[in-house]
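Down below is the structure, laid out as C-alpha cells.
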Amino acid sequence: MTTNNPVCASDAHMEMYSSKLYTSALFLNLIIATTSMILTGFAIQKLFMESIINISTRMFLFCGLMCCSLHQTAYIVLRIQVIYQVFFKLSEPCNLYYPAIDCKYVTFSLVAGNTGMIFIQSAMTIDRIFATIFPKLWPKLKYWPGVVLSILMIACNYANVQIIFWGDPLTEYVPTCGQFPSKSVNRFQTFLAIALYMSIAHMVINVIILYINVLQDRQQSKSFNVNQRYQSREALKSSQAIFFLSMSQFFACLIYSVFTKVFLEFQLNLSPLQSGLVLALSYTTPYACIAIPSLIIFTFRFIKNQRLRNINELRSQTETGDECMRKIAKIWEK
C-alpha cells in the first residue's frame, strides 16, 4: 500500500523535467534500446538458423538474449513514461511522481535482466567445464546440459531478484520507475559486489578451459581419426566463442557494477538534472545489450568461416594420410 498523500515534484526535479538536454537524452535512450531489440532479433535468427556451435551453447546465448530483451523492454517502457511526463504532465507537479508499487514490474524486470545475464554466463562456464572434462560423453547428451543448466540459472535469477526486494513494502513515491527502492539498495549493492567476483571467476576459468582445449586440439590434430579431430576443433571453437563473449560480458558487468556502486554512493551529491543525465548517458546495460547480439552475429560469422577452412584442412590431411598408408602398403608388398 502506498501513502495517500502524493509527493509534489521539487523545483530541482521540475528543472530536470524541463531540460531540453535531458529530453534529448531520453530519445537517445529510446533509439539505443530499439536498435538493440532489432539486433537481438537478428542474433536469435542466427542461433536458430545456423548450427555452427553445439546446441547447449546456443540455448545459453538465447537465454542471455532473452535477458537483454527483458531489460530493454522495461527500459523502453520506463523511457516512454518519462517522456510522457515531460510532454503532458509538467503542469501538474503534484502528479508527476509514481508510487513505487506501480513501478514494481518495470523495476523488477530491469534488475532481472541485468542479473540474468550474469547467471547465464555462469551456465556457459559450467557447460564448458564439463565439456572439457568429458569430451566424449558431453556431446552425446545433446541439448540436455543446456536445458538443465538454463532452468537452474533462471530459477537462481528469480530467487535472487526476490531476495533483493525481500520485505520492501514499496510504499514510497519515485520520480521515475527506474529509481531503485531505498529499502532494497543495500542488498542490491551486495549482489553487485558478488556479481563482480563471479565475472572475474568466469574469466579465469574460461582462460584455463581455452588453454586446455588448445592443447587437446594439438594432440588430436596428429590423429588419423577425422571424427576425433573434428570434435576437438568444435570444442575449441565453442570455447573460443564463449571466451570472447564472456570477456565482453565480463567488461560489461565490471563497468555496470562499478558505475552503479559509484552512482548510488554519490547520487545524493548530484542535482536531479545531473543525476538524470548521468543515468541517461552513462547507464551501461543498454549499450551492452547492443554489443552482445552484435558480437554473437560477428562471432558466428567468424566461426563459420573458420569452420570451412578447418574442414578443407581436414580433407587435405585425410588425403595425405591415405596416400601415406598406400605407400606403406606398397613397401610391405615388396
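Cβ atoms here come from the backbone N, Cα and C positions, even for glycine.
Annotation source Swiss-Prot lists topological domain 'Extracellular' at 1-23 (among others), citing sequence analysis. When pLDDT values are averaged over the topological domain 'Extracellular' (1-23), the model yields 78.
What Swiss-Prot records for 45-57 (among others) is topological domain 'Cytoplasmic'.
Each residue of the topological domain 'Extracellular' (81-105) gets a DSSP state, and the totals for helix, strand and coil are 17 helix, 2 strand, 6 coil. Positions annotated as topological domain 'Extracellular' by Swiss-Prot: 81-105 (among others).
The topological domain 'Cytoplasmic' annotation in Swiss-Prot covers 127-145 (among others) and is backed by sequence analysis.
Counting only same-chain residues 6+ beyond the ends of the topological domain 'Extracellular' (167-191), those with a CB under 8 A from a CB of the stretch are 1-3, 6-7, 9, 13, 16, 75, 77-78, 81-82, 85, 96-104, 106-107, 110-111, 115, 160, 260-261, 264, 272, 279. Taken from Swiss-Prot, the feature topological domain 'Extracellular' covers 167-191 (among others), and the record attributes it to sequence analysis.
If you look up Swiss-Prot, you'll see 213-239 (among others) marked as topological domain 'Cytoplasmic'.
Look at Swiss-Prot and you will find 261-277 (among others) tagged as topological domain 'Extracellular'.
Taken from Swiss-Prot, the feature topological domain 'Cytoplasmic' applies to 299-334 (among others), supported by sequence analysis.
For 24-44 (among others), the entry in Swiss-Prot reads transmembrane segment, with the evidence type sequence analysis.
The annotation transmembrane segment is assigned in Swiss-Prot to 58-80 (among others) on the grounds of sequence analysis.
The list of residues near the transmembrane segment (106-126) in space but at least 6 beyond its ends in sequence, with Cβ under 8 angstroms from a Cβ of it, reads 57, 60-61, 63-64, 66-75, 77-78, 81, 100, 149-150, 152-154, 156-158, 160-161, 164-165, 177-178, 180-181, 188, 191, 195, 198-199, 201-202, 205-206, 209, 242, 245-246, 249-250, 252-253, 256, 285, 288, 292. Annotation comment: Swiss-Prot describes 106-126 (among others) as transmembrane segment.
What Swiss-Prot records for 146-166 (among others) is transmembrane segment.
According to Swiss-Prot, the transmembrane segment annotation covers 192-212 (among others), on the basis of sequence analysis.
Residues or ranges marked as transmembrane segment by Swiss-Prot on the basis of sequence analysis: 240-260 (among others). Residues of the same chain lying 6 or more positions beyond the ends of the transmembrane segment (240-260) and with a Cβ under 8 Å from any Cβ of it are 53, 57, 61, 64, 114, 117-118, 121, 124-125, 128, 189, 192-193, 195-196, 198-200, 202-203, 206-207, 209-210, 213, 282-285, 287-288, 291-292, 295-296, 299, 303.
Annotation comment: Swiss-Prot describes 278-298 (among others) as transmembrane segment, evidence class sequence analysis. Sequence-distant contacts of the transmembrane segment (278-298), counting only residues of its own chain at least 6 positions beyond either end whose CB sits under 8 Å from a CB of the stretch, comprise 22, 25-26, 28-29, 32-33, 35-36, 39-40, 42-43, 46-47, 61, 64-65, 68, 71-72, 75, 113-114, 117, 178, 244-245, 248-249, 252, 255-256, 259, 263, 270.
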Sequence-remote contacts (6 or more beyond its ends) of the transmembrane segment (192-212), Cβ cut-off under 8 Å?
115, 118, 121-122, 125, 128-129, 132, 239-240, 242-243, 246-247, 249-250, 253-254, 257-258, 260-261
Mind checking which residues of the chain, 6+ beyond the ends of the topological domain 'Extracellular' (81-105), have their Cβ under 8 Å from one of its Cβ atoms?
1-2, 6-9, 13-14, 17-18, 22-23, 26-27, 30, 74, 170-177, 181
Six or more residues beyond either end and a Cβ under 8 Å away: which residues meet both conditions relative to the transmembrane segment (58-80)?
26, 29-30, 33-34, 36-37, 40, 43-44, 47, 51, 105-107, 109-110, 112-114, 116-117, 120-121, 123-124, 127, 143, 146-147, 149-150, 153-154, 157, 176-178, 245, 249, 285-286, 288-289, 292-293, 296
